[in-house]
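According to TrEMBL:
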TRANSMEM  6-30  transmembrane segment
TRANSMEM  42-59  transmembrane segment
TRANSMEM  96-119  transmembrane segment
TRANSMEM  125-148  transmembrane segment
TRANSMEM  160-181  transmembrane segment
TRANSMEM  187-212  transmembrane segment
Amino acid sequence: MDIPVAANLLGTLGAVCWSIQLIPQIVINLRRHHATGLQPSMMMLWAWAGVPLGVYNIVEGFNVALRIQPQILTLLSLVTWMQCRHYQRGWTMTRCVLAAAPVAIVMAACQAALIIGLGRVKHELQWPLTLMAVLSAILLSAGVLRHYWDIWTHRTVRGISFLFVAIDAAGDLFSLVSILFQPKLDVLGLVVYGSELVLWLGVMACGGYYNFRPWLKDQFGRQESAPCPATMTLHEMPSSSSVFRTVSADSEFLRRRGATDGQARVALSVA
């Protein structure tokens, strides 16, 4: 289908999702002051995945939103990687920046060189662009699969924000549909975003099984084991114990009580 308006709109929505996908994760890491369970290798793989993905989207002439999308992915992935090093390894922020800056420069240089080179041979050779798409899909999938290994090892989804997962999956879905409205259907683009979407849906399913299901069981277990309210013991009380007391009722109650106390004293003295 060739519907440029729909392609640009959906591509923009996908870019917006990918622009903010890691922000919830970054904020959570800052608030809790740790990144336990979050895989730095996943973040670095994602950062590198943005390089061939950016080359592919730009050389293929995708809409502007899809061209910017990989750059944002690389930037946010590097920021999250620095957080992992800072909280997990105790690196100072200065050391994190000094470690990430050269990597970012190399990434930018590689992407620029590949865009210029592949742009010139685009009409003569198609396999280099195919390689870029395949490489980005492999790196993105490898990053998520690294988290699958952590899920399998610890039998729980830990360290990762489910809001981040949902936003990322939505971004993949919008980008996937955006390609369908491009002038030419791009199968490799569908593979890149489709594989990522399937893997994230798998992470959400694991979260439901390992995290949400035990939580529900715990909640229902607490409700079932909650102590019953104390039983009421009824004692013989005069009708005047009602909230609707009268002066005469109070006098009658006190008179009877005094007589009972007097009889008790007499019994004790006789004994």
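Keep in mind that glycine also has a Cβ here, set from the backbone N, Cα and C atoms.
Curation does not apply to TrEMBL; its annotations are automatic.
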Most Cβ pairs under 8 Å with the transmembrane segment (125-148), selected from 6-30, 42-59, 160-181, 187-212:
42-59
Could you give the residue numbers and ranges of same-chain residues that sit at least 6 residues beyond the transmembrane segment (160-181) on either side and whose C-beta is under 8 angstroms from one of its C-beta atoms?
1-4, 6-8, 10-11, 13-18, 20-22, 24-25, 28, 37-38, 63, 65-66, 69, 147, 189-190, 193-194, 196-197, 200-201, 203-204, 207
